[in-house]
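Enquirer: Among the features that TrEMBL reports, GTP binding site is placed at 11-17, 39-41, Arg326, 352-354, 437-439. Per TrEMBL, the feature Mg(2+) binding site maps to Asp12, Gly39. If you look up TrEMBL, you'll see Asp12, Glu13, Gly14, Lys15, Asn37, Ala38, Gly39, His40, Thr125, Arg139, Gln225, Thr240, Arg324 marked as IMP binding site. If you look up TrEMBL, you'll see Asp12 marked as active site, proton acceptor. Residues or ranges marked as active site, proton donor by TrEMBL: His40. According to TrEMBL, the feature active site maps to Lys136. Among the features that TrEMBL reports, substrate binding site is placed at Thr320, Val321, Thr322, Gly323, Arg324, Pro325, Arg326.
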Amino acid sequence: MTVTIVGSQLGDEGKGGVVDVYGDAADVVVRYQGGDNAGHTVVSDGEKYKLSLVPSGAVRGKVGVLGNGCVVNPETLFEEIDGLRERGLEPDVRVAERAHVILPYHRALDGIEEDEKEDLAAGTTKRGIGPTYEDKAGRRGVRIGDLLDPDTLRERLEYVVPQKKALAEEVFGKTTDERFDVDHLYELCLEYGERLADEEMTVDCGTYLQERIDAGDQVMLEGAQGTSLDIDHGVYPYVTSSNPTAGGATVGSGLGPGVVGNGEIVGIVKGYLSRVGTGPLPTELGGVEGQTPGYDPETADEAEEELATYIRDEGGEYGTVTGRPRRVGWLDLPMLRHAARASSFTGLAINHVDVLAGLEEVKIGVSYDFDGEELLTMPPTTEQWARCEATFETFEGWPEVDWAEVAEDGYDAIPENAKTYLEFVSDELDVPIYAVGVGPGREETVVLEDPFA
Ligand code: GDP
Ligand code: IMO
Ligand code: MG
């Protein structure tokens, strides 16, 4: 069977940790979309692993597959594999031949276009994700399979690279370098191809996975990003360029919808909201300059800023690379209703319950006031979403406790008020709670249900 892990908000909900908790029973862990824009943390025996491309299961000796729906930067892939090997692991990673390759010009163009877009910029990770998916849809991409086929590769590059060079130089007025040079790219791609072939990493993903399932293996599908960053279901244009929602798991792995739909689909929820990047956020607390639209620290509400800083500090909500503060907010139920519907969640893992401990009261945005109308789910356009004002329900806070002990004792040991909070969310979404995260470590998770059982 399959278990699919889907982010229900704006990414960084703790998907990597949940994959790790449930991954024991899995034989294969598959990423089905996105690329090295993701950052999935697994904390194992006090060791912290931050993976951006290699599926989280690789830390536990599972086969990790990058599905056809992914965009793969071989540079990052090899770096991560080498890094894990240096730490004594032997990651077994396979890459779909149908997956698209992020090439140096994609990264370059991601940066150039972000600077150009100004107000429309999503604040991307500048990893070349958008430009690579653009080329996929434009039918001018280079696929993993092409890296092993020198003639096809040459033909593809000769067609596409001059266009990219012209775009950078003539539309954006930039000077270009070897990242836009056919000969250089050709050599680089051949090197990538050689290593992929030497290590026998490439697979026909859907066929490979179906064979494993037919042989009785358990497959975990690890989503990256989150529902509100989905290109179709998120807050366009402040989104990524793929489908993190469960539909993406079937398209991006080659397993049929019947297979994925017959399995379990676990929505990962952070107990509050965090956001990297721009765009509206109706339940936001305080703001972050340069990311929160219209934010002015001079006129900001002091108490709210203090609360935001508290949650940010407790949750470590600072960029891992830049150290920039992330935007934070209260849980947004309309966003979660939208996510639960779009992905048919069969269970929920609600994380970061420990982060909210110690607050006098905790709020949940339960609906939106949209020009006087009550909305229970997200409106279809981002401009409409920006006009929504959240209506809050207030819950009594819960104390700071020994969370490791709570995790050991189980769900009943969770403070009463926290359980009220969790059960409210579960009831509203009509989806049972499968797990509760009370700390970053694997053992700091209260497991109520094992989806593979
Ligand atoms: P992902 O992108 O969804 O895999 O999540 P990230 O790894 O980017 O971000 C989640 C962060 O929160 C990581 O540093 C995790 O170790 C940490 N984390 C996950 N679950 C919990 C939890 O329940 N409590 C706390 N305090 N931290 C958590
Ligand atoms: P994980 O898997 C949080 C955000 C970026 C930007 C937008 C588009 O760790 O949850 P992109 O580089 O994808 O074109 O950027 O999406 N973003 C994420 N935010 N977690 C992620 O991944 C993200 N991946 C992309 O900040 O706003
Ligand atoms: Mg992350």
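Cβ atoms here come from the backbone N, Cα and C positions, even for glycine.
Just so you know, TrEMBL annotations are computer predictions that nobody has curated.
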Enquirer: What is the separation, in Å, between the Cα atoms of Asp12 (Mg(2+) binding site) and Thr41 (GTP binding site)?
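Expert: That separation, Cα to Cα, works out to 9 Å.
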Enquirer: Ligand 1 is in the model; which of the binding-site residues Asn37, Thr125, Gln225, Thr322, Gly323 have a C-beta less than 6 angstroms from one of its atoms?
Expert: none
Enquirer: Could you tell me the maximum Cα-Cα distance in Å between the residues recorded as binding IMP, namely Asp12, Glu13, Gly14, Lys15, Asn37, Ala38, Gly39, His40, Thr125, Arg139, Gln225, Thr240, Arg324, rounded to a whole number?
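Expert: Roughly 36 Å, rounded to the nearest whole number.
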Enquirer: Roughly how many Å lie between the Cα atoms of Val438 (GTP binding site) and Pro325 (substrate binding site), rounded to a whole value?
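Expert: The Cα atom of Val438 (GTP binding site) is 22 Å away from the Cα atom of Pro325 (substrate binding site).
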Enquirer: Which binding-site residues, if any, among Gly11, Gly17, Asn37 have a Cβ under 6 Å from ligand 2, given in order along the chain?
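Expert: The ones that qualify, in sequence order, are Gly11, Asn37.
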Enquirer: Write down the Cα-Cα distance for Gln225 (IMP binding site) and Pro325 (substrate binding site), rounded and given in Å.
Expert: 18
Enquirer: Between His40, Lys136, Arg324, Arg326, which of the recorded positions has the fewest other CB atoms within 10 angstroms in the structure shown?
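Expert: Arg324, out of the recorded positions His40, Lys136, Arg324, Arg326, has the fewest neighbouring Cβ atoms within 10 Å.
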Enquirer: Find the shortest Cα-Cα separation between Gly14 (GTP binding site) and the recorded positions Thr125, Lys136, Thr322, Arg324, Arg326, and name the residue that gives it.
Expert: Arg326
